[in-house]
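Heads up, the thing below is written out as structure tokens.
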């Protein structure tokens with residue numbers, strides 16, 4: 001296993017992803033976490049926002065003295081190793097963004113041109129290497145960009161894990177296979193069979209319950225656990241009235257008919273809309289929906305003799321939750337059932353907690369889940385309630401449902417749905433003047449939103465061809481009663497979030 005020690009870098013998860021893309025297993029830990037070194041083949045120290053000379057700056061983990069294997073240290077990690085081994089780091093002019101570096105011959109740079117552009121993000125710089133180290137890359141400003149002792153330590157001042165670094169993927173694979181001599185051991189088929197065995201051992205002949213949303217994570221978790229315990233898994237699908245068009249019918253068709261699951265559908269549309277009446281604040285809407293969802297789920301769970309709660313938590317959720325108390329601030333409340341295990345005295349099973357989203361999709365494909373489910377765009381837990389800006393009403397939901405359906409249908413028609421990470425419609429709380437026939441119209445405005453992203457942490461607005469947008473806009477204004485204007489959102493994240501609320 002490759003262990004990535006996270007020093008607060010926004011790119012730490014990317015390091016783990018790049019390693020797994022090479023079919024080598026990797027996990028993220030924090031410097032103060034306990035580690036079983038018997039399972040560790042290689043350690044990577046991430047970057048971070050701190051200076052190694054700050055009084056409370058993160059240090060090397062306690063277990064690091066016992067670890068004797070190869071180390072790749074990136075950015076802050078490089079500076080930390082240099083300082084700890086007797087070199088010198090000091091405040092420099094800083095290098096940020098795309099930077100040209102000149103590489104020397106080294107196994108980590110095999111097959112890479114002598115000069116490449118890399119992604120820098122550092123204020124401190126190494127001015128003297130520890131004894132036994134030599135530089136293997138220098139930046140255009142003369143700063144040491146990489147160094148090694150040729151035995152155990154490889155230090156990179158830049159970030160090979162980001163796409164902005166040319167040949168970054170090659171550098172990581174060179175380190176894994178040329179330097180560390182690791183073997184590829186991260187196979188989806190073996191992984192799935194091992195997870196099924198583990199679920200059987202954990203749950204046995206007992207019953208488990210799962211809140212099925214129809215999204216990728218809960219769907220894959222449901223099929224995986226169903227493969228292990230069959231009808232002893234009770235899947236609860238709550239129709240809160242905030243779903244996309246035909247969503248409930250599709251979930252019933254796939255999971256009840258195709259997979260023959262024990263699926264319970266709860267029609268709670270009236271109670272959710274009643275709770276949301278008059279509410280306009282997005283944070284209040286999210287909170288109301290989350291709390292009401294838990295009430296509905298609890299009521300249903302009491303009808304079944306269950307001991308386990310299955311959740312579709314994935315690895316990015318685990319890392320963000322672990323980090324949230326350390327460095328991150330809350331942007332939005334996330335609608336989930338995280339409080340249910342304690343409230344209901346259920347044992348928690350999270351079969352996907354060590355997988356990233358793309359790996360979850362691979363597991364889903366292996367399990368035979370239809371591509372239409374596997375490749376679905378992300379959908380917020382509060383559903384259309386956070387895409388109807390302002391108060392949520394049945395009329396507004398129906399307008400948005402139809403507009404969103406037309407937008408997605410148009411993207412699919414032109415084979416563009418899978419080219420964007422997420423696409424949806426938003427109903428704005430304003431009306432605008434228009435002309436329909438010979439009469440004046442005063443109708444709602446719909447905003448279309450489409451973004452490209454990897455994990456949703458950052459996102460760029462999608463450059464959808466104008467003829468596709470034109471077709472969607474014409475259909476929406478023609479076919480959806482109450483809509484007189486369509487606009488396209490061209491804001492990236494940051495500064496905006498992907499969802500409007």
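Quick reminder: no glycine exception, Cβ is built from N, Cα and C everywhere.
The domain 'Glutamine amidotransferase type-1' annotation in Swiss-Prot covers 1-185. According to Swiss-Prot, the feature active site, nucleophile maps to 75. The feature active site is assigned by Swiss-Prot to 159, 161. The domain 'GMPS ATP-PPase' annotation in Swiss-Prot covers 186-376. According to Swiss-Prot, the ATP binding site annotation covers 213, 214, 215, 216, 217, 218, 219, on the basis of sequence analysis.
Features recorded in Swiss-Prot, as mapped to the structure shown.
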{"residue": "75", "record": "active site, nucleophile", "Cβ within 10 Å": "25"}
{"residue": "159", "record": "active site", "Cβ within 10 Å": "24"}
{"residue": "161", "record": "active site", "Cβ within 10 Å": "28"}
{"residue": "213", "record": "ATP binding site", "Cβ within 10 Å": "21"}
{"residue": "214", "record": "ATP binding site", "Cβ within 10 Å": "20"}
{"residue": "215", "record": "ATP binding site", "Cβ within 10 Å": "17"}
{"residue": "216", "record": "ATP binding site", "Cβ within 10 Å": "24"}
{"residue": "217", "record": "ATP binding site", "Cβ within 10 Å": "20"}
{"residue": "218", "record": "ATP binding site", "Cβ within 10 Å": "21"}
{"residue": "219", "record": "ATP binding site", "Cβ within 10 Å": "27"}
Study note, to complete from the structure: One should report the C-alpha separation between residue 213 (ATP binding site) and residue 161 (active site), rounded to whole angstrom, as 33
Point to revise | Other same-chain residues whose Cβ falls within 8 Å of the Cβ centroid of 213, 214, 215, 216, 217, 218, 219, the recorded ATP site, in sequence order | key: 212, 220, 221, 222, 312, 373, 376
Check your understanding: Say you check the Cα of residue 215 (ATP binding site) against those of the active-site residues 75, 159, 161; which is nearest?
Key -> 161
Review point. What is the interatomic distance between the Cα atoms of residue 218 (ATP binding site) and residue 75 (active site, nucleophile), given in whole Å?
Key: 36
**Study point:** residue 161 (active site) versus residue 219 (ATP binding site) - Cα distance in angstrom
**Key:** 30
Revision key, fill the gap. Running the recorded positions 159, 161, 214, 216, 217 through a 10 angstrom C-alpha radius around residue 75 (active site, nucleophile) leaves 159
Practice item. Report the mean pLDDT of the predicted model across the domain 'Glutamine amidotransferase type-1' (1-185), rounded to a whole number. Key: 92
Review point. In angstrom units, rounded to an integer, how far apart are the Cα atoms of residue 214 (ATP binding site) and residue 159 (active site)?
Key: 36
Point to revise | Integer Cα-Cα distance in angstrom, residue 217 (ATP binding site) to residue 161 (active site) | key: 25
Check your understanding: Three-state secondary structure of residue 159 (active site) from DSSP?
Key -> coil
Check your understanding: Roughly how many angstrom lie between the C-alpha atoms of residue 161 (active site) and residue 216 (ATP binding site)?
Key -> 26
